[in-house]
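I have placed the structure first, in the form of structure tokens, so that the comments after it can refer back to it.
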Amino acid sequence: MPHLRFSTAGESHGPALVALVEGVPAGLPLLAAHIDQELARRQQGYGRGRRMVIETDHVEFLAGVRAGETLGSPIALLVRNKDWANWEAIMDPAPRPEDDTPEGRKRQVTRVRPGHADLTGLLKFDRDDARDILERASARETTARVAAGAVARQLLAALGVRIGSHLVHLGGVDAAVPAELPVDLNAAADASPLRCLDTIAEQEMIARIDAAKKDGNTLGGICEVVVTGLPVGLGAHVSWDRKLDGRLAAAICSIPAVKGVEMGMGFEAARRTGAEVHDEIVPAPGNPRTGNVRRVTNRAGGLEGGMTTGEPLVLRVAMKPISTLMRPLQTVDVKSGETAAAAAEHSDVTAVPAMGVIAEAMAALVLADAVLEKFGGDSLGELQRNHASYLQRVAERLG
Ligand SMILES: Cc1cc2nc3c(=O)[nH]c(=O)nc-3n(C[C@H](O)[C@H](O)[C@H](O)COP(=O)(O)O)c2cc1C
Ligand SMILES: C=C(O[C@@H]1CC(C(=O)O)=C[C@@H](OP(=O)(O)O)[C@H]1O)C(=O)O
């Protein structure tokens, strides 16, 4: 059983999204503002649709927090959907008289979209209206994940861990990545419309988003997530389900439309020789987090043997293009069985910058779980003492 457990509920156009986070120690400072800041970051990004204009996500604590601190009890978080006002009839949990008319509820989705969950979900769950599927497949659900992730991020911050991300590719355009990333990566990335550090490449990306929109098409891309301040030894090599690389990959790949994750050098490592791939180790006194050694390079991206090395954790996350196209692809209408143009409602042209923020949240949740597994503690103070005592021991080894 994980040490930090979380689950979410809520439909895209339902009244609200909820997240339940269990296992957080008592005494962690936690304000709605900490969570709202992350929710706002998830809403950014050039290329998003009208929905992000409708919503201004704000968290309400339902349980687990008192006077700005966690209680050690389950934390229940709620984020309301403003768009609910426009969907109350269609999404009403109670049956309505119009349900018995030949049309049934309005706006049934039967022209299933290639690349979305519509068709497979309809067949598997034996439904007639793809709305019954898309409402939960929608990445609106990631709002609740980011809220939960903000709690995890707060826990990690109390141990000196920082998580950031930036966009490195969009729609066929690569960004130049600086040799040294800014210390406050998110402050730099969040200041730009695509969360990209290369302002010249970003102009070309924006032009491609505009062109795709005009053409009724959509775009994907890649974000890099970077985590600093991690101690050596989170995760474990001993069993498949304790390896941190696998846990991170599963969490990241569960984000809607994410189709791949690379760690460190990633796929490129397969094309190179061992001498070009592995990170040489040198003594580095005064670095207790890494056991007083240092990797000359960080091609492994901060992971060896399913454990953190203490070097920055570097993940690259690939997102496919959005599957709702305004110039729709060919599909089948599941009501008539005839060929049709896929359903097309207002939708994002791209959401790669938001995906980077969601990937940060998923990484935070996995890392906070690994921290609690390694250090335990019912209060923040106990967790911090356990962490400090471990680092002291690691520092003694090659000091
Ligand atoms: C932040 C974000 C926003 C998204 N916005 C849309 C959208 O507006 N329209 C759409 O069709 N898909 C959108 N998607 C992708 C779909 O949710 C996703 O493709 C779908 O759930 C099917 O899952 P799969 O692509 O992982 O197979 C978005 C994904 C993310 C992460
Ligand atoms: C609502 C969000 O993203 C939505 C994700 C999404 C999808 O199919 O994944 C489809 C769109 O939903 P709607 O049709 O309501 O505009 C996006 O806006 C969000 O990120 O908060």
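Note: Cβ is positioned from N, Cα and C throughout, glycine not excepted.
Please treat TrEMBL annotations as automatic predictions, because they have not gone through curation.
According to TrEMBL, the features are:
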BINDING   Arg42, Arg48  NADP(+) binding site
BINDING   Arg136, Ala137, Ser138, Gly305, Lys320, Pro321, Ile322, Ser323, Thr324  FMN binding site
REGION    282-302  region 'Disordered'
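Features as recorded by TrEMBL, highlighted on the structure.
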residue	record	Cβ contacts under 8 Å, 6 or more apart
Arg42	NADP(+) binding site	Asp57, Thr142, Thr143, Val146, Ala354, Val357, Ile358, Ala361
Arg48	NADP(+) binding site	Asp348, Val349, Thr350, Ala351, Ala354
Arg136	FMN binding site	Glu11, Ser12
Ser138	FMN binding site	Glu11, Ser12, Pro256
Lys320	FMN binding site	Gly115, Gly220, Ala257, Val258, Lys259
Ile322	FMN binding site	Thr218, Leu219, Gly220, Ala257, Ser347, Asp348, Val349, Thr350, Ala351
Thr324	FMN binding site	Arg113, His116, Thr218, Ala342, Ala343, Ala344, Glu345, Ser347, Asp348
- Item | Tertiary contacts of the region 'Disordered' (282-302), as residues 6+ beyond its ends and Cβ separation under 8 Å | 227, 229-232, 262-266, 269, 308-315, 391-392, 394-395, 397-399
- Reading the DSSP string in three states, the entry for Ile322 (FMN binding site) is coil
- On the Cα atoms of Arg136, Ala137, Ser138, Gly305, Lys320, Pro321, Ile322, Ser323, Thr324, which are listed as binding FMN, what is the maximum pairwise distance in Å? 40
- Could you give the number of helix, strand and coil residues in the region 'Disordered' (282-302) as assigned by DSSP? 3 helix, 5 strand, 13 coil
- Among the binding-site residues Arg42, Arg48, Arg136, Ser138, Lys320, Ile322, name every one whose Cβ is found under 6 angstroms from ligand 2, counting any of its atoms. Ser138
- Candidates Arg48, Arg136, Ile322 (binding-site residues) with CB under 6 Å from ligand 1, in sequence order, are Ile322
- Item | For Ser138 (FMN binding site): DSSP state (helix, strand, coil) | coil
